[in-house]
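> Before we start, here is the structure in question, set down as structure tokens.
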Amino acid sequence: MGSERDLVSAEAEGDERLIEAALRPKRLEEFIGQARVREQLSLVLHSALRRNRPPDHVLMSGSPGLGKTTLSMIIATELGVPLRITSGPALERAGDLAAILSTLSEGEVLFIDEIHRMARPAEEMLYLAMEDFRVDIVVGKGPGATAIPLEIAPFTLVGATTRAGLLPAPLRDRFGFVAHMDFYEAEELEQVLQRSSRLLGLELPGDAAREIAGRSRGTPRIANRLLRRVRDFAEVRAEGVITKDVAAAALNLYEVDAQGLDRLDRAVLGVLLRRFGGGPVGLSTLAVAVGEEPETVEVVAEPFLVRQGLLARTPRGRVATAAAWIHMGLTPPPDAFGASVVADLTDQDENS
Ligand SMILES: Nc1ncnc2c1ncn2[C@@H]1O[C@H](COP(=O)(O)OP(=O)(O)OP(=O)(O)O)[C@@H](O)[C@H]1O
């Protein structure tokens, strides 16, 4: 099979990005988790195939590494059409987009990753292309400029964004189907890990899979990455045998804690607690203090910390919850965010 050959050569070259690509599921039925999105998408694709028409444009939103690129590839495969991949930041001028749109073949899927980062003129050209399968090529400058309409082949746009809120409404409204990708449950990540282990030729006992899944921040890309680190550790220190303890030791070495927090997550919490007394503090101040871009903190660290109940976004800024103080081995002040919840839980524990 093609994917297995890809994997063997990727392994031989030791290229992590190639390995990641080779681990991608190729068909919708192989795609693990996101049951609702899968079912909705399957309906959209099947009805398009029955009508022999390209499906509605699809928007996928969710944190990095949840499988948006993978799903876009699956959409093209299921439809039996070619896929063109680009990204918002690459579309700086309308001409960049026109060059792609005018060369699409009938029914082709155009995947635009980070679509919220597309430049304004390209975005406006996309509105017309999505609605009427037409672009206006502007010839000349100033008052003498004229727009020459150019028909393009009907295509399906698949847009991916980590920040759906940043998409202008006219663009958002032109997508017929919006797939909200959520973090994965631990059991789903265990399945992802078992599938990847099979493809990589690794033995992964159930309890070791659980240990890795629990530290993967609900994200398949991270699960696969941690699996490779555990494999490295097992090869060098445990004669290639992966056990729960080997997995835990490897992940501790790579500074991924039992709840899945990595260095950046802990840096954010550490600064928030130790330097700002738990907050509230603004995003940019927090980002400067950890030496990262605000977008990295907002897109990569925060959604997970919020989901874990360790951080809250309030109108006055970011606030650490009482659970965050405890997770970082500190005593929460009595007025810490969510302290009453933690106190109630502690009471229940003591009374039970
Ligand atoms: N549902 C899934 N089942 C199995 N593996 C998955 C699934 N979703 C993602 N993966 C794996 O996770 C990795 C990352 O997926 P992908 O690149 O599609 O994420 P993404 O959401 O597009 O991320 P980004 O937006 O950062 O590019 C892939 O290597 C793929 O093998």
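Each Cβ is built from the backbone N, Cα and C atoms, and glycine gets one as well.
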> Pick the one from Arg221, Arg225, Arg228 that TrEMBL also lists for the ATP site with Leu23, Arg24, Gly65, Lys68, Thr69, Thr70, Glu131, Asp132, Phe133, Arg174, Tyr184.
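Of the residues offered, the record points to Arg221.
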> Per 10 Å Cβ neighbour count, which of the binding-site residues Leu23, Arg313 ranks highest?
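Most Cβ neighbours within 10 Å: Leu23.
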> For Arg318 (DNA binding site), just count the other CB atoms lying within 10 A of its CB, please.
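That number is 24.
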> Measuring Cβ to any atom of ligand 1 with a strict under-6 Å cutoff, which of the binding-site residues Leu23, Phe133, Arg313 qualify?
Leu23
> Could you tally the C-beta atoms, other than its own, that fall within 10 angstroms of the C-beta of Glu131 (ATP binding site)?
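For Glu131 (ATP binding site), the 10 Å Cβ neighbour count is 10.
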> Need one number for the ATP-binding residues Leu23, Arg24, Gly65, Lys68, Thr69, Thr70, Glu131, Asp132, Phe133, Arg174, Tyr184, Arg221: the maximum pairwise CA distance in Å, whole number please.
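The span, Cα to Cα at its widest, is 37 Å.
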> Out of Phe133, Tyr184, which of these binding-site residues shows the lowest number of other CB atoms within 10 Å of its CB?
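Ranked by other Cβ atoms within 10 Å, the binding-site residues Phe133, Tyr184 bottom out at Phe133.
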> Where does the mean pLDDT land for the region 'Small ATPAse domain (RuvB-S)' (185-255)?
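Summarising the region 'Small ATPAse domain (RuvB-S)' (185-255) by its mean pLDDT gives 94.
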